[in-house]
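Student: Straight from TrEMBL, here's the annotation block:
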type: DOMAIN; residues: 84-489; note: domain 'Amino acid transporter transmembrane'
type: TRANSMEM; residues: 112-135; note: transmembrane segment
type: TRANSMEM; residues: 155-176; note: transmembrane segment
type: TRANSMEM; residues: 207-226; note: transmembrane segment
type: TRANSMEM; residues: 238-257; note: transmembrane segment
type: TRANSMEM; residues: 277-295; note: transmembrane segment
type: TRANSMEM; residues: 315-336; note: transmembrane segment
type: TRANSMEM; residues: 356-380; note: transmembrane segment
type: TRANSMEM; residues: 409-426; note: transmembrane segment
type: TRANSMEM; residues: 432-453; note: transmembrane segment
type: TRANSMEM; residues: 465-488; note: transmembrane segment
Amino acid sequence: MAVAGTGGTPFLLSPATGRAATPSSAVFDVEAAGAGAGAHHRAGKAPPPADAGAAFVLESKAPSISTDAIAASAAWLTDAARAGTWWHAGFHLTTAIVGPTVLTLPYALRGMGWGLGLAALTAVFAVTFYAYFLVSRVLDHCEARGRRHIRFRELAADVLGSGWVFYLVVSVQTAINAGVTTGSILLAADCLQIMYSNLAPHGPLKLYHFIIIVAVVLAFLSQLPSFHSLRHINLGSLILSFGYTILVSAACIRAGASSNAPTKDYLLSSSKSEKTFNAFLSISILASVFGNGILPEIQATLAPPAAGKMMKALVLCYAVIFFTFYFPAITGYWAFGNQVQSNLLQSLMPDEGPSLAPTWLLGLAVVLVLLQLLAIALVYSQVAYEIMEKNSADVAHGRFSRRNLVPRVALRTAYVAACALVAAMLPFFGDIVGVVGAVGFIPLDFVLPVVMYNMALAPPRRSPVYLANVAIMAVFTGVGVIGAVASVRKLVLDADKFKLFSDNVVD
């Protein structure tokens with residue numbers, strides 16, 4: 001319920017505390033301009049400051065009004081600018097979650113074994129679906145009360161009511177986006193190196209050469225201006241995920257039945273501490289594989305009402321997840337057991353000895369993986385690009401005007417170059433996935449959604465929903481802390497393998 005505030009500013013009663021609270025703090029008066037921009041425009045009041053990040057990057061379909069009108073009224077945040085469909089959101093979600101990181105799933109099972117591994121995989125599957133649904137509900141709840149949010153960071157700061165939460169979410173999202181982009185560049189370069197080493201076993205090119213090639217291509221593609229401009233790429237990404245999942249699963253079945261396959265050993269470490277750390281590292285990897293830290297930004301592209309559409313998008317996404325996650329996880333671990341590497345393709349194409357599947361099949365799978373990695377890097381870079389655009393662009397000028405084009409090209413290219421430099425210097429793919437999962441995805445995708453739901457919608461404290469949310473928060477907070485320790489420990493153990501600009505990706 002709204003009550004009058006000083007200076008004509010409406011205040012809202014917080015459902016969590018019952019105290020009056022402003023729709024947005026001074027920290028994000030501009031950041032959350034969309035919460036009431038349309039209302040200001042319709043009421044004839046002065047609009048909030050124009051937000052180039054929202055206008056240029058997070059738009060769904062280009063609004064029919066001119067750029068000058070956007071600058072004057074911030075009308076891109078009204079319903080007219082939100083024309084995305086549920087299948088567009090489904091494509092974005094699928095690309096954000098389903099990617100070649102599924103090739104690390106057998107490696108995750110290696111740390112837990114069959115029983116615990118499949119149970120953990122299924123638990124993370126269910127909890128992430130539930131958590132993403134809760135985030136969508138919280139977004140709808142806030143919008144119904146006049147506080148529309150198009151970014152995860154402003155949503156968390158509004159619901160949790162603390163300025164430090166805003167900066168915490170910004171930091172976590174930045175770590176996730178940079179980590180995923182870095183990992184995608186590294187794995188794409190690894191794919192190129194796999195193909196090159198089979199064509200020219202003694203060729204002069206090193207891993208960092210392929211990282212440079214991938215970075216150049218990605219820097220070019222990164223100039224696509226908005227989330228919506230990626231919709232066809234993300235549809236292609238969905239199709240690619242089905243393609244390489246089928247190919248890799250078939251290759252694993254062929255390899256597992258081959259006489260050249262390594263001896264199948266599914267035994268866990270005899271050391272209790274080693275076994276515990278490996279299990280939590282595996283859970284961190286699962287969290288990273290299922291992670292999606294940009295759901296509010298994706299929901300912002302939907303035409304209202306978004307609630308039903310977002311649920312359809314989640315169902316589409318998780319139908320794809322079921323097929324593309326379980327098949328390679330089970331077939332890969334079955335074929336290689338404890339010998340499986342963090343990149344399943346490396347197990348299928350060992351450095352010594354013949355390939356364990358037909359060359360044409362593996363070559364096609366590598367190409368499909370390579371193409372999808374570019375789409376994933378593009379999707380996860382959007383939050384970084386939105387922040388850059390918000391602070392560097394001017395909506396009073398056209399999106400492709402020299403005033404906005406020059407900083408866009410420079411900043412996005414510099415971002416890709418920085419991620420590529422880290423990938424070349426620190427080629428620890430499995431370790432990177434674990435750290436990103438523990439430090440980034442677990443708090444953002446497992447803990448914050450249930451906390452925000454309990455605070456925003458305030459279910460009764462003894463209700464099953466409230467208690468389940470508290471249990472999820474407690475369990476995954478502990479998992480995140482121990483997983484972070486396990487991930488850092490793995491990095492320390494791999495330190496002896498470290499070599500600056502190494503030619504091999506360290507497992």
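Every residue, even glycine, has its Cβ placed from backbone N, Cα and C.
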Student: Do the transmembrane segment (112-135) and the transmembrane segment (465-488) come together with 3 or more C-beta pairs under 8 Å, pairs six or more apart in sequence?
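Tutor: Taking Cβ pairs at least 6 residues apart, the transmembrane segment (465-488) and the transmembrane segment (112-135) are in contact, with 3 or more under 8 Å.
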Student: As a test: from 155-176, 238-257, 315-336, 409-426, 432-453, pick the stretch that has the greatest number of Cβ pairs under 8 Å with the transmembrane segment (207-226).
Tutor: 409-426
Student: Going through 155-176, 277-295, 356-380, 409-426 one by one, which has the most CB pairs that fall under 8 Å from the transmembrane segment (465-488)?
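Tutor: Out of the listed stretches, 277-295 contacts the transmembrane segment (465-488) most.
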Student: Determine which recorded stretch among 277-295, 315-336, 356-380, 432-453 has the most C-beta pairs below 8 angstroms with the transmembrane segment (155-176).
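Tutor: Between the candidates 277-295, 315-336, 356-380, 432-453, the best contact partner of the transmembrane segment (155-176) is 432-453.
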Student: Where, among 315-336, 356-380, 432-453, do we find the most CB pairs under 8 A to the transmembrane segment (277-295)?
Tutor: 432-453
Student: With a Cβ cut-off under 8 Å, give me the same-chain residues at least six positions beyond the ends of the transmembrane segment (432-453) that come close to it.
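Tutor: Distal contacts: 101, 104, 127-128, 131-132, 134-135, 137-138, 152, 155-156, 159-160, 169, 172-173, 175-176, 179-180, 182-183, 186, 281, 283-293, 342, 426, 459, 465, 469-470, 472-473, 476-477, 479-480, 483-484, 486-488, 490-491.
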Student: Excluding the flanking five residues on each side, which residues at least 6 beyond the ends of the transmembrane segment (356-380) place their CB within less than 8 Å of a CB in that stretch?
Tutor: 92, 95-96, 99-100, 103, 176-177, 180-181, 184-185, 187-188, 191-192, 194-195, 198, 214, 217-218, 221-222, 224, 230, 233-234, 236-237, 240-241, 243-244, 247-248, 250-252, 254-255, 258, 260-261, 294, 335, 345, 347-350
